[in-house]
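Here's the structure we're looking at; comments come further down.
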Amino acid sequence: MHELAPPLTLEQGLRWLDLIGILAFAMSGALLGVRKRFDLFGVVVLGCVTAVGGGAIRDTLTGQTPPLFLRDETYLWMALLGAGLGFALGEGLARFERTLSVFDTVGLALFAASGAVGAINFGLGPLGVVFAGMLSGVGGGIVRDLIANEVPEVMYRRDQLYATAAAAGALVVVLLHPHVTSFQAQLGGALTIVALRWLSRRGWVSLPVRRVPGARD
Amino acid sequence: MHELAPPLTLEQGLRWLDLIGILAFAMSGALLGVRKRFDLFGVVVLGCVTAVGGGAIRDTLTGQTPPLFLRDETYLWMALLGAGLGFALGEGLARFERTLSVFDTVGLALFAASGAVGAINFGLGPLGVVFAGMLSGVGGGIVRDLIANEVPEVMYRRDQLYATAAAAGALVVVLLHPHVTSFQAQLGGALTIVALRWLSRRGWVSLPVRRVPGARD
Amino acid sequence: MHELAPPLTLEQGLRWLDLIGILAFAMSGALLGVRKRFDLFGVVVLGCVTAVGGGAIRDTLTGQTPPLFLRDETYLWMALLGAGLGFALGEGLARFERTLSVFDTVGLALFAASGAVGAINFGLGPLGVVFAGMLSGVGGGIVRDLIANEVPEVMYRRDQLYATAAAAGALVVVLLHPHVTSFQAQLGGALTIVALRWLSRRGWVSLPVRRVPGARD
């Protein structure tokens, strides 16, 4: 008898997308490290921290220690691979910036949505879920920018929704969760984030900035 | 029969003061965000982080996860309210700087004193209690300044006692605790902090700085 | 009958070396604080954070809360002593830079090796052990530089192996652990770090940096 390989389940599919997000985040961190002229070690650490930082903050805050990336080593290996690729390609990565940006959005969407579902299962209230989901998506990038001694990019790039998209996606998870399965809620949240990112890149949605007299752009 | 509303207990009163401290801290964070030209999201996040950061660090270090602000959503709503107010008022907030500064001192005093009492109940030794109490008071401001890419204000503003006042208040809690109730120890610590802040604003107490040959003020 | 004092056990010896490492790290943090013109409080906090930061991050990530420095107050007292010494000596410390650097290497070696052994006992996989060991060694210095608003030194000082040496030492612990006692594995890891540091100071080993067209050294 011929044994068919079992088809990829949805959960396995999500995990693969998750790992692709890790890879993309690690490359984005490594690229910043190369630009800052960090050595091999610095580049690799910055890449890994970008990739696993958001999840680490989320897991530590919700008491799920050790965080996932220390329990399932696939994450750390994937982060190392992405950071190593980033160092090897160096500035050459910039040519793939569009592709990286798509990966980055996928990572943001999946991390934020899965972080929100995790926080609901953990028993947090709605605001806590939005906070934890958003942090899962953007925490790694914030840690990356802090270490590189820059103001975190998510704080001011008002031309594009980023953390706001993550928060909105987590909110969609909160609203959908009582009515559908966890998986469907997660998917709805992730798609919301991808859609908002796409709309904001087209310039159709944006965030206000407070005018400060005398300040310049 | 006419039912009287129960009078406000001391514990409820403290919780209200706590929430006012959260509000003041959130506004101070939001004001820095407006000045740095962060977008609406950045301003709100900076405000919230300032408000809940100290408690989050304290609870995470002492293993009380998830931290209070994720367990009792009132804190996060209050932080959002303060940050939103900060964004709406923008530079207009500067006119209320004196009022904000009073709130800020109240928040510092209450957070540091309640952090110290919590650490005693948790079983930490005297030095750990002072450390945890101080961190509860100043942690949010340190995280705020790190994200805004500035040297934390508490590190160098020697013209005014701030973190030192928080540490001194926590020490008073340690010294009083064996002899009085928790509540009285907390009150004693908080009053110490308010008094030290007031004295240092009058210029009556200050901290030494090491003279470095060749450095300028 | 004459009672002999029990001889110092190896474990006690290691703890003493550990405390010497704490002292050296605290002095290095305090020295940076003096140079940045922080006030007494800022100098002391920067010194203590440098001394206990790596262990605090490690213990928090692996869920061993409260971290060791809050459970065993000797660590915090030693950190205070080192930071106080640093403030008292001020720039005078610079004359002892060579001695401090030896202490610093000892601290790095012992923290990284003991962090790795702890992570193995905690049940982490090989990559997690290397990560946790490295972080135990360099985490304090990273937090120190973040607070002082500088790019963490370990990220770019490619003229000398530092964090890389810590990671290599943790890797040696991972490789030795199945074959020898915990203590021997820890010793092997620590000696590897000391050796690598010594070799890199002599300029015999170093790390590559990615050439970026147009960037200057």
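Using N, Cα and C of the backbone, Cβ positions are placed for all residues, glycine too.
Bear in mind that TrEMBL entries carry predicted annotations, made automatically and left uncurated.
So that you can see what the record holds, here are the features copied from TrEMBL:
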{"type": "DOMAIN", "residues": "A:16-89", "note": "domain 'Glycine transporter'"}
{"type": "DOMAIN", "residues": "A:102-177", "note": "domain 'Glycine transporter'"}
{"type": "TRANSMEM", "residues": "A:14-33", "note": "transmembrane segment"}
{"type": "TRANSMEM", "residues": "A:40-57", "note": "transmembrane segment"}
{"type": "TRANSMEM", "residues": "A:77-94", "note": "transmembrane segment"}
{"type": "TRANSMEM", "residues": "A:106-124", "note": "transmembrane segment"}
{"type": "TRANSMEM", "residues": "A:130-148", "note": "transmembrane segment"}
{"type": "TRANSMEM", "residues": "A:160-177", "note": "transmembrane segment"}
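Between the transmembrane segment (A:14-33) and the transmembrane segment (A:160-177) there are fewer than 3 Cβ pairs closer than 8 Å, counting only residues 6 or more apart in sequence, so the two stretches are not in contact.
Non-local neighbours of the transmembrane segment (A:160-177) in the same chain are 108-109, 112-113, 115-117, 120, 126, 129-130, 132-134, 136-138, 153-154, 184-186, 188-190, 192-193, 196-197, 199-201, 205-207; each lies 6+ residues outside the stretch with a CB under 8 Å from one of its CB atoms. Summed and averaged per residue, pLDDT over the domain 'Glycine transporter' (A:16-89) gives 85. Note on the domain 'Glycine transporter' (A:102-177): DSSP counts are 60 helix, 0 strand, 16 coil. According to DSSP, the secondary structure content of the domain 'Glycine transporter' (A:16-89) in residues is 63 helix, 1 strand, 10 coil.
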